[in-house]
Amino acid sequence: QQYKQQDKEQRSGTYTGGGYLLKPGGRCEGSMSDPFESIGKMLRSVLQSSKAGVSIDSLQSEYRSLCGESIPLKKLGYSELEDFLQSIPSVVRLEYRMGELKCFAAVCRETAHIAELVARQKSSKKSGHSQVVNCRMRFKPSNPYMLNMRPRSSLRQPSAGDAYKWPSHFPTHGGNRGCSASGDYSVYDVELVRRRITQLLEKYCSGLWMSKISEVYSKMFNQTLHPQVLTDLEQWTYICEVEKPSSNNRADRLVYPPLPPKPSIVPRSGIKNSPPTPPTNSSVVSAEVRQRIKELLSMYSLGVWAHALPKLFMDTYKTPFPENVLDNLSLLMDMWTVEYPIPHDKSKVMEYDGSVPVEDNLIITVKTQSQGPPSYLHVVGAEIPPRLVLPSEHYPSVLVTEAKSSNTVTIRYVGENYSNAQQYLEDAMCSFYSQDSNHHPLSNPVVGQLVAVRGEDGDELVRAQVMEIRAPNKVKVYYVDHGFSLETSGINLLELHQDFLSLPFQATNVRLAGLETFSSHPLVLSSLEKLAVGKILLMETLEPCQQIDMPVAVLYDTSEDDDININSACLKTLQDNTMNNPLTLNVAYQDVCVTNVCANGIIYCQLPSRGTARLSKLLEKTEAFFTTQRTSESLVSRPFSGKFCLARHKGKWSRVEITNMFNHRVLEILFIDMGIPATLEVTDLREIPPLLVKDFTIIPPQAIKCRLADLKVPEGDWSPEAVLWMKEAVMGSADCKMKILKLDEHKAEQLVYTHLFIGAESLELDKSINHQLTQSELWQKLATQTNNTICISNALCYVHLILLLFFQPGQNMDVFVPVACHPGYFVLQPWQDLHKLMVLMGEMILYYNQLCKTNTTTHVQRGDVCAARIEKNWHRVQVRGILSNGLVSVYELDHGKREQVHRNLIQPLIEEFRQLPFQAVTAQLAGMTQHQWTEEASILFRNHVEKRALVAQVESVQEVSEVNDELWGRRLTVYLVDTATEDKDLWIHTILADMDSEMSSAA
């Protein structure tokens, strides 16, 4: 449970409108001695997560759930917990409530100061006065490997004052050349390699995955490619173009030939060209046509093929598309963007239809406005601040300040690089304008002008833009850093000094994915107001998103136990629940269709209703639509969790919702009208035809989530044999009836407890399937059966799985640290093969999720190497123990973690998935003398290395005689170095040595 620390800290953090994360355990000066500080931090984390306080009787268990062990009272010199808590009043405040002693997080000077600062967030709902916005958010995990940098193998030596002396036998290379994974420090022939890379990319002109370059290079030139080349590629911009790092869970990147010059007749967004020729009177597009084109393009967030636009326009508006528009694309360059879909290979698009000219294979999209302030009002008479740089995190924290529509949601990024910068700016403005010589009231404000605005109370100053001049002496202004407008007195407007234009506008606009068709619908707007405005949420920016584009995003509220997908929640408010058959207790329903049976006892049923009838007709229209058009034109190219689209089930198109994204091509979906989950590739999905989007959206999911009343589900779920038997008994029946016993409204999703009747004339309970099963000995045997139908032999040969790396002292390795217990035990993954691991896991998900539908169970024994489903991914594991409750203890061979999984979630590891060596390499930290580690040292070590990309320098390789966790019998002793900063490398062992030195001095 020690690995729950990061998640717990995020859950207990207090987020405020000023953009500060009050992290647990902010140290108060002089409050605790150093040995107690880490325990104090953990205690503060526990206490801040409960506003109502934590009972002193349950405090130890709460602490244990966070840290994996109890508070070490004896080690701290105390025999009673209360005595220890009384000794740290800066951390814990004790109070009796209702006769019970409770513990609360104390407010120290540091956190009180921050709380005062963050009260500056303004709100349009409180006349511009400051307010505090609280939000407890849980960290939303993203792919840990998707970092913005990779470790740098060329290390800097520790300075003379560092705690550990540089080992004399280690090589001291420098410069900008890294070393290879094998420790080879040779310099390759740069010019020769560059020429060969150019030849290689001429052959693969559509791009080549970086992971494949070494293999292709070796085959083409009969020579091994130096590993450093893959790092240097990004610098060779005149030879190749490397795809920018992505935030969509993709570990690999494409390498292209350099882009050819863009034809000037088709300017591309973001590339400067000479301005288009102004249209003549004969070529002016009417306002009505312009509006219709804009509406049409807004329905296609990813754009429309230029040659398909006239037919689409005719189908939608029953009016011919203006012939002159496609002949002169510059006519509407103010409202659309025209670009080649594959800029590095324009001939690629001709594979679809050779009869279509290349110049017609263009994608046209609505032009997004990202220049200037979020008010979209032109800035008058002032220099425009630089563009706001988007954060690098996959799920940055944002404060939603306003939502005019789902296409214009105003947010502020919350975080150190944003909130602190704004705070500094506004402090500087207050100081500047407090001097009389700088106090210059604005006598004649102009609409669009940037100004400084003094708050009504006179002690706050912010940047704003004049929106409207009102009488008498009233001005409507837009707060460009806070994201809303309000009316203020003209005497509060001051000239904005040029020095305050260096910071980008902190408020910016985003467009919510999946809501384009309903962007201004009243129900969507009211949902956004309720669920998002004024709250701090996590935001996922979808790919592709350039800095010049308005981000297309998904918002998540993670403050409760279950994540709320804001986009999906807004879309679901449009559903017309009157289309469903109303559910009533003790009422019999005829013609019930059971669509799925799950191992956890959940059964999905469809009832005859207006919704099912309407859905059937719409699906028929969908089949007709795709028979007349190439379905490839409706491919889903921007998938995201919560998106509604189409997939085929038993040869027919059906509605689905994307429930989980494993990586850029593998995802998990739910057939919402049948309750059937599936794992597919993104190429199996299709967009809903635009003309049917509204009709499909208003129909609620037709699968009703049920549980058979009075039928017990054993711990560990029904066996696969029982699920199969149940499916054969209830699915496909032409005469199925249902009688509702109970409706569970307390669940996030309504759960119906019911009795099913198959072919029964009477609806007495003893005639139900429920009763028949409870009386059946065969069912009782099947339901509890956990024996196997597939065995894994202990003689499974997996020598080829061994990580055959011959490590040498002095070798530098780029690594990722997935697990760190303490300096004496942590796990490394070789960085160079992580992309291969990601690809492997994607293939395993596709294979095993499909295999699980065959309802087979695997018999395993200690020592077996197999595949196991852990959470939503499949991992290669070794069995460490068989537990009596149906669980199996396993060790993840690629990530170095121990887990417990149900035996039903274990499958044989097929030959295809045995080729990549195990990626988890156990190690211990070099440069340390002790072998026992304090809790403080372990926490400090984990915070610096766990889930980080580092450089490992090998000191020695230890052969392990007794193979325990080290399946391949080796453990490394390495130095770990953080090379993230440009000016200095951080050697982790020196931090721990400094800590030991300080503690010794204190003692």
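Placed from the backbone N, Cα and C atoms, the Cβ positions cover glycine too.
Under the heading compositional bias 'Basic and acidic residues', TrEMBL lists 1-11. Taken from TrEMBL, the feature region 'Disordered' covers 1-22, 265-285. Per TrEMBL, domain 'HTH OST-type' is recorded for 35-107, 189-259. If you look up TrEMBL, you'll see 444-503, 638-695 marked as domain 'Tudor'.
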Confidence summary for the domain 'HTH OST-type' (189-259), mean pLDDT rounded: 77
Secondary structure tally of the domain 'HTH OST-type' (189-259) (DSSP, helix then strand then coil): 34 helix, 7 strand, 30 coil
For the domain 'HTH OST-type' (35-107), the number of residues DSSP places in helix, strand and coil: 33 helix, 14 strand, 26 coil
DSSP-assigned states of the domain 'Tudor' (638-695) in counts, ordered helix, strand, coil: 9 helix, 29 strand, 20 coil
